[in-house]
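The structure is given below, and queries will be raised subsequently.
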Amino acid sequence: MANPPHGGVLKDLLARDAPRHDELEMEAEKLPAIVLTERQLCDLELIMNGGFSPLEGFMNQKDYDSVCENVRLADGNLFSMPITLDVSQAVIDEGKLKPGSRVTLRDFRDDRNLAILTIDDIYRPDKAKEAKLVFGGDEEHPAIKYLYNKVQEFYVGGKIEAINKLNHYDYVALRYTPAELRVHFDKLGWNRVVAFQTRNPMHRAHRELTVRAARARQANVLIHPVVGLTKPGDIDHFTRVRAYQALLPRYPNGMAVLGLLGLAMRMGGPREAIWHAIIRKNHGATHFIVGRDHAGPGKNSKGQEFYGPYDAQHAVEKYREELGIEVVEFQQVTYLPDTDEYKPKDEVPPGVKTLDISGTELRNRLRTGAPIPEWFSYPEVVKILRESSPPRHTQGFTIFLTGYMNSGKDAIARALQVTLNQQGGRSVSLLLGDTVRHELSSELGFSREDRHTNIQRIAFVAGELTRAGAAVIASPIAPYEESRNAARDAVTQAGGNFFLVHVATPLEYCEKTDKRGIYAKARRGEIKGFTGVDDPYETPSKADLTVDVSKQTVRSIVHEIILMLETEGFFDRS
């Protein structure tokens, strides 16, 4: 029999509200609407299907404060992660939202009405408190960056009436709701289920540790990977799911099933581990594996871990009785070549030879085409990963040139385009500052906001082209550090490679060699908001290459860029 849900009752709002579907659908058309973001959609789906039981909506201020401060809802139920609906003042004003009013929650992807929320309260969160208490306070933490840079200024709390499930077009048969997974376990006759959470591909070590956990508890295995939002830079879920499917036959017959979880991870370490355990309990699991640095985001810029390696295990152990799911703590397993087996590291006798491949080394082997041994991963899994991780010399990249007007950016860009075309092997696209302004951003001015929007557009185009294997050369002024960092993030998150080249030609030289007289017009006040005259240029703090046309020729600068690309493996050396 499956584990009882958290709070005692599975809050399957879709099943509960199905008899009123037509009535709610008609009402939703007449109400103001909040169009949900991707993260909000992930949260809503798990509220509606019971994955976040005992929640029945987005948290009001009482629950939010209690979760942040006490790791439990206002009614006393253990819950570790704030589940909130953030909105802007403009949305509140447009919808005339207030406590007691009803509002439709709508999918941004297809404009479908998903639910109606009855507003309990609208409140301004204490983001500093949330950042400190929930995530630890390090401003480099991805969830804290998201909180400060993406989350709107107000939260809307209230209960939900469900109308429609989210539409998915990928791996539909594997997207079990908690109720469906519980029925599936009953059909299979499974009474004890060990759930395994992952956002990465699985290899032999993962297979070994899950089988060990199941055998020790006379249980079966639920492979339950996250396919919602994970950490930027993670391998896409399409590739991962194909790899999980390829791995499944390697388990003893009938031992494991694969189900997908559309969760938006926060990378919240100890808090997230508790949350993950609650979610798996709601899906019917009786046991949950928590490993080293569970759901941690890695290291900050100083090379420091955001959380201790076993903080997550300590957190779930602290609340073990309340969680109502047995937590399986595991040590990292390692390969013993002399006996061709895997063992937990704490069980390996001193002096015995072991082998491991780190995630960084694996990515490097995929990038370079170096062999990946069978003791580490199965050939069918490696084949899938290689298909989605082509060698570096076939990948696209973006060269992002930034500097003052007339610093030589465009001359470098044109010369680099010719050189790369001569090199061959990939298409080359040129995004000159003036061309982009004319073709993509003609309606924009030169305010800080408009400049940022212009760079966002360049980054979007560059990311799409780079992902498709093209070489992109962009040469906007891009005076602001925030915009340049956002451009780097956009391209890398699209799966591309990004190089920032600071064309650090001094302002005096740019002005002296300005044959068009644009600087002179700016000095006379005929042009406002001109970079270097009455608007600042923020020197890049993390340029991949710094060049100067007042001291170097364009030819030598292009050669430096080519050498940088060659060193990084972007040209075929065979």
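Cβ coordinates are placed from backbone N, Cα and C, and glycine is handled just like the others.
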According to Swiss-Prot, Q197, R199 bind sulfate; which one of A115, A128, A295 is annotated to that same site?
A295
Given that Swiss-Prot annotates D434, T435, V436, R437, I477, A478, R516 as binding 3'-phosphoadenylyl sulfate, state which candidate in R392, R414, R451, R555 belongs to that site as well.
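Site partner of D434, T435, V436, R437, I477, A478, R516 for 3'-phosphoadenylyl sulfate, according to Swiss-Prot: R451.
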If you measure every Cα to Cα distance among Q197, T198, R199, N200, G291, R292, D293, H294, V333, the residues said to bind ATP, what is the biggest one in Å?
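Between the most distant Cα atoms of the ATP site, 18 Å.
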Hey, what's the Cβ neighbour count for H203 (site 'Transition state stabilizer') at 10 Å?
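I get 20 for this one.
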For the 3'-phosphoadenylyl sulfate site as recorded (D434, T435, V436, R437, R451, I477, A478, R516), determine the largest distance between any two Cα atoms, in Å, rounded to the nearest integer.
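Answer in Å: the longest Cα-Cα distance is 22.
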Check the Cα-Cα distances from V436 (3'-phosphoadenylyl sulfate binding site) to the recorded positions T198, H203, F330 and tell me which is shortest.
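Closest by Cα distance to V436 (3'-phosphoadenylyl sulfate binding site) among the recorded positions T198, H203, F330: T198.
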Taking the Cα of F330 (site 'Induces change in substrate recognition on ATP binding') as the centre, which of the recorded positions listed as N200, I477, A478, R516 lie within 10 Å of it?
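Those close enough: none at all.
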